[in-house]
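Lifted from Swiss-Prot, the feature list:
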{"type": "BINDING", "residues": "ASN20, LEU22, GLY47, GLU68, ASP90, ASN110", "note": "S-adenosyl-L-methionine binding site"}
Amino acid sequence: MTKVEYKHTHIAAKKKLGQNFLLDRNIPRKIVRESGIKEGDRVVEIGPGFGALTTAILEVMPSFTAIEKDRELAKFNREEHPQIELIEDDFLKVPLEPLAAGGKLSVLGNIPYSITSPILFRLLDNRHLIASATLMIQHEVAQRIAAVPGTKEYGILAVQMQAFCDVKYLFKVGRAVFKPRPDVDSAVIKMVPKAVDPVKDSEGFRTFVRRVFHQRRKTLLNNLKEYYDTSGVPEPTLKLRAESLSVPALITLFTQLKLIARGDASGQLLLKRRR
């Protein structure tokens, strides 16, 4: 267990919580700049830790909400940053509706690698409450979220996130600026939920995406025929692999399959491989 010293405090980084504390002061300021937050916004920080990002946010915001699960770090932040509203709890369990009562939330955070996916999908599920999310996550995951068709990184995570959010990969962060030093690099991404959901049946779409990418090397026909009536989909389309289709094209295919299921397959689906 690695003990991290900051000012008057020695706190052991807890491996089970995936704690890696950011030591560099310039990176948090860059994260805040990229987030675009301004005074008056409803800002929520996930896991302030020793307050590197907290301090940078306070240069812009006189007060905001931070959610910290670790009891020792929650106590530290109450003492070090009394102007913030500190919620000592797990972000995955905190109700977001009350926090967004005054406006949509701008979420920032240095996210533990071990719970990146649960946090991302919690934000996605609550996208109607979110103005933006600017997050530092594992570099490999950031690449997968921002991936484009035809690349090895492009898959379920990219499609599910990009279908409902505008996603931007901002910059890479080397592992040397953390203590304890992680085994991998990090990166900062920004996600902004789309003003209008392009898919009404979001749960059905998630299931569809998991199915089309279940076996990446198989064609759409082979991945879908067990679950959907594909009779109204042009044969050239069914010969494609999911990894070759853009997010809008996959949304169009899903919509067409739902029309076919309802017996309303008017018109033919026109899908083109991304060049």
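Any Cβ shown, glycine's included, is placed from N, Cα and C.
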Structural state of GLU68 (S-adenosyl-L-methionine binding site), classified by DSSP into three states: strand
Per DSSP, three-state class assigned to GLY47 (S-adenosyl-L-methionine binding site): coil
Under 8 Å by Cβ from ASP90 (S-adenosyl-L-methionine binding site), same chain, sequence gap 6 or more: ILE67, LYS69
